[in-house]
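Chemist: Just passing along the structure, written as structure tokens.
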């Protein structure tokens, strides 16, 4: 069958592959991380929150949220809802970007939306009512994610037109999930005291396996942002890995210097902050700048998490289980600011076209375009303020609405037991840490008192 003249098979193949790499970051990547980095009694619930969010977002995205995010403008920050994606004539026609069909763009953007909701879940593990989470996902996708996405990424969005630079989601995905996660964690409430005091990972090796999927999957995350298999995609990919490796090493060195031990979980945190901070800049900065961003992403979020968090009363009060505010909110904002500082006009031209307003402050000072450089830094700050403010307000409203229907937080009894009370399922058949059950929901009895003859 012949292909239409507008279709570039190479670009289409890369975009589909990039989308699948991003999808693998969530399923199984974050499913594995969430299921292994928490206490054993929360392994099933944590992993399932991620899996549910992925499925729910794909459905909602295909029915209405894609058009809210990238459709015809209804407002300067929101698209007009319709059912176009369900139409064969629409998904087989050229998309709004790239030389491939709209179906490819719907798929590519759906996995970005899904991972954003899964990241928010990281702040809520170990106590949120699963039924409340089921309601939260479609509401937040509709009234928060689609707003940021349209504003910053749609050609018709007001922040996009104004010149805010967000190459692959430092603002749309990471800043929004960090702020929303912290806000939702405030309204849901904390874990029980015992879990807050001691919350050891149940499987660090699996955590590393999931982290590896997250890191390598970022090749599609940032490499797919130019919507083409071009030079800018290659630049974005190498910058991603340079920054991430540097950030991991800096975090590791800080842990050793201040705590005397190389923490595996700390290294994973440093890896994540590197991935997040390079995301808004990946295809817009030189590789030397990616190295510099890695130095900052491995140190500034470390400082906010390890030092400031313990000194600021509000942050101590809010139970952000996996420190999503620091690893995604702080790191995303940091990356956005460094993009405004270090963006190379020769590279911004590859991504934004021949538009002189996109220039980092460092290069603007060098080229005698001081006003343009400070304007760009100002726009980066405006983007941060808009995304942060919108997510605080909307996430708060969503939580208040949900708690009128179901409890946001699990009952005290469920919080003590964990997975078995919520799902009737346990992560492992092998019992450890002194945990025994006289009777499970599956009818198996006496795990702590197996008869001698059954052992023979």
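Even glycines carry a Cβ here, placed using N, Cα and C.
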Chemist: Write down the single range among 68-90, 321-343 that appears in TrEMBL as transmembrane segment.
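Modeler: That would be 321-343, the stretch labelled transmembrane segment in TrEMBL.
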Chemist: Name the residue range among 132-153, 352-373 that TrEMBL annotates as transmembrane segment.
Modeler: 132-153
Chemist: Going along the chain, which residues at least six beyond the ends of the transmembrane segment (233-252) come within the CB cut-off of under 8 Å?
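Modeler: For the transmembrane segment (233-252), the sequence-distant neighbours (Cβ-Cβ under 8 Å, at least 6 residues beyond its ends) are 14, 167-168, 215, 218-219, 221-226, 262-263, 266-267, 269-271, 273-275, 277-279, 281-283, 285, 287, 289-291, 293-295, 297-299, 302, 347, 350.
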Chemist: So, taking each listed stretch (168-189, 201-221, 290-309) in turn and counting its Cβ pairs to the transmembrane segment (14-35) that are under 8 angstroms, which one gives the highest count?
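Modeler: When the Cβ pairs under 8 Å are tallied, 201-221 comes out ahead.
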Chemist: Please tell me whether the transmembrane segment (321-343) and the transmembrane segment (168-189) touch - that is, whether there are at least 3 C-beta pairs under 8 Å between them, with each pair 6 or more apart in sequence.
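Modeler: Yes; at least 3 Cβ pairs under 8 Å.
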Chemist: For the transmembrane segment (381-402), name the stretch out of 47-66, 106-125, 132-153, 264-284 with the most CB-CB pairs under 8 Å.
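Modeler: It is 132-153 that shares the most Cβ pairs under 8 Å with the transmembrane segment (381-402).
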Chemist: Cβ under 8 Å, sequence separation of at least 6 from the ends of the transmembrane segment (132-153): give me the contacting residues as numbers and ranges.
Modeler: 49, 52-53, 56-57, 60-61, 64-65, 68-70, 73, 76-79, 109, 113, 116-117, 120-121, 124, 159-160, 164, 166, 171-172, 176, 180, 184, 188, 383, 386-387, 390-391, 394-395, 397-399, 401-403, 405-408
